[in-house]
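First comes the structure, then the notes that go with it.
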Amino acid sequence: MDKLVIQGGRRLSGEITVSGAKNAALPILCASLLTADTVSLSNVPNLQDVRTTLKLLRQMGVHASASGHEVSLDGRHVDNPVAPYELVKTMRASILVLGPLLARFGYAKVSLPGGCAIGARPVDQHIKGLQAMGAEISIEHGFIEARARRLKGNSILTDMITVTGTENLLMAATLAEGETVLENAACEPEVTDLANLLVSMGAKIDGIGTGRLVIQGVERLHGASHRVIPDRIEAGTFLCAVAAAGGDVTLRSVRAGLLDAVLDKLRESGAELSGGDDWIRVRMDRRPTAVSFRTSEYPAFPTDMQAQFMALNSVADGASRVVETIFENRFMHVQELNRLGANITIDGHTALVTGVERLSGANVMATDLRASASLVIAGLVASGETHVDRIYHLDRGYDRMEAKLCGVGADVRRIDGRGAPATLVDEADDDAPHVNGVNGIHDSNATHAIDAHAADISAPANRAGDAPAGRVQ
């Protein structure tokens, strides 16, 4: 198992190009299931979660090809509407195939998701919303099984703001009959990016970027080309790293307007910030000042930046109070930061951080994606050598983080379990053909039916939203 070895104490200087947003790319990849036409994407980050999603889509019958940061997806031969545990267990975002499969084919079977262990993050809001649109849903043996002849538009008010819930219901509503209104919808930029792609595919969506989305269902969606937005969390992570370690770094391919809450707190910490339409420069020449904050939904301070700012606060001048309101179990990095010499105590959903002048290198273990990033930041400022284990979490959400940090002067090495230098290897681009029909979905005169071994009902002939005769939608 790979780990990172960090020699701390180096100032950072140079430029970093920010990758495409993981949390936009994953739902956008799943949206390709909504059409039989080709969806072409650019600025797709090279991440483990992206590779897992592509593997899942290929297993369903999508022809997916990738070259660099460009991905082409052809969903005309989707024949297997099942998301198995073996893939879903590693990534919570795999639940996002549920809405598209159900909307287009009338059937989906998705294993209950896995991913970072930072809270329950239940999928009940997804299920309630789809049931309100007419889906019959059961949960047995660890699988969500959903059926619907054609989803019906409805007014849906979720009990809480949920990003993936909003995305799942939004995608499902694009092919539903009639009007769907999503109240209490998530406003995150990644949701907006997904909505913009769907509009490019022919969806009719009003209220994009607000908490109320109104969707007029259409009978079919077509292909489109789309560029994934920059990753605001990756950008924020590197900004935190410079603020903690000191230096002068310019981020390229970034949108400052998506980072207002983060930038405000960085300025409060003493960082000097400047920028333009697609760049941000951060300079830090002194010890940071402690900053208190409370996580909340966009546009407030993002929970995905909480751990990184806690690493910054660990070496800041003064004491800070960090309140986590989104997830109930997102302080697992605290114990590891304390191993490096931080002074952090937890009281319920609040962490109290008393800054220390220096951290000391030690062996630490990542517990989730953003926790791993916080440990890397702490390692950059610690004296001596820090070993960060279980960095497969890091690879799920950061595109070659160690290479980007080394490019601005950090000393970060990836080694394998034997201590030898390791290289992050991409999975093979498996474009093995899928024979239409063999895994459950059959196309006959525009009739989509699920094989008897997979479901008890089949969609009626010429269902609204089906493809023309002889073509799988």
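Using N, Cα and C of the backbone, Cβ positions are placed for all residues, glycine too.
Keep in mind that TrEMBL annotations are predicted by a computer and have not been checked by a curator.
Taken from TrEMBL, the feature domain 'Enolpyruvate transferase' applies to 7-405.
Taken from TrEMBL, the feature phosphoenolpyruvate binding site covers Lys22, Asn23. A C-beta separation below 8 Å, combined with a sequence spacing of at least six in one chain, links Lys22 (phosphoenolpyruvate binding site) to Pro45, Leu47, Asp49, Val50, Asp231, Ile233, Glu234, Arg396, Gly397.
Annotation note: Asp124 (UDP-N-acetyl-alpha-D-glucosamine binding site) sits in a helical segment as assigned by DSSP. All protein chains considered, the CB of Asp124 (UDP-N-acetyl-alpha-D-glucosamine binding site) has 14 other CB atoms within 10 Å. Under the heading UDP-N-acetyl-alpha-D-glucosamine binding site, TrEMBL lists Arg92, Arg121, Pro122, Val123, Asp124, Gln125, Asp304, Ile326.
Annotation comment: TrEMBL describes Cys116 as 2-(S-cysteinyl)pyruvic acid O-phosphothioketal.
TrEMBL lists Cys116 with the feature active site, proton donor.
Less than 8 angstroms from the CB of Ile326 (UDP-N-acetyl-alpha-D-glucosamine binding site) sit Thr295, Ser296, Glu297, Thr303, each of them six or more residues away in the same chain. The Cβ of Gln125 (UDP-N-acetyl-alpha-D-glucosamine binding site) lies under 8 Å from the Cβ of Thr158, Asp159, Met160, Thr162, Gly165, each of these being in the same chain and 6 or more residues away along the sequence. The two recorded residues, Val123 (UDP-N-acetyl-alpha-D-glucosamine binding site) and Asn23 (phosphoenolpyruvate binding site), show a Cα separation of 17 Å.
Rounded to a whole number, the C-alpha distance linking Asp124 (UDP-N-acetyl-alpha-D-glucosamine binding site) with Asn23 (phosphoenolpyruvate binding site) is 20 angstrom. According to DSSP, Arg92 (UDP-N-acetyl-alpha-D-glucosamine binding site) sits within a helical segment.
Each residue contributes its Cα atom, and for Asp304 (UDP-N-acetyl-alpha-D-glucosamine binding site) and Asn23 (phosphoenolpyruvate binding site) those atoms are 11 Å apart. Least crowded of the binding-site residues (Asn23, Arg92), judged by neighbouring Cβ atoms within 10 Å of its own Cβ: Arg92. DSSP gives Asp304 (UDP-N-acetyl-alpha-D-glucosamine binding site) a helix state.
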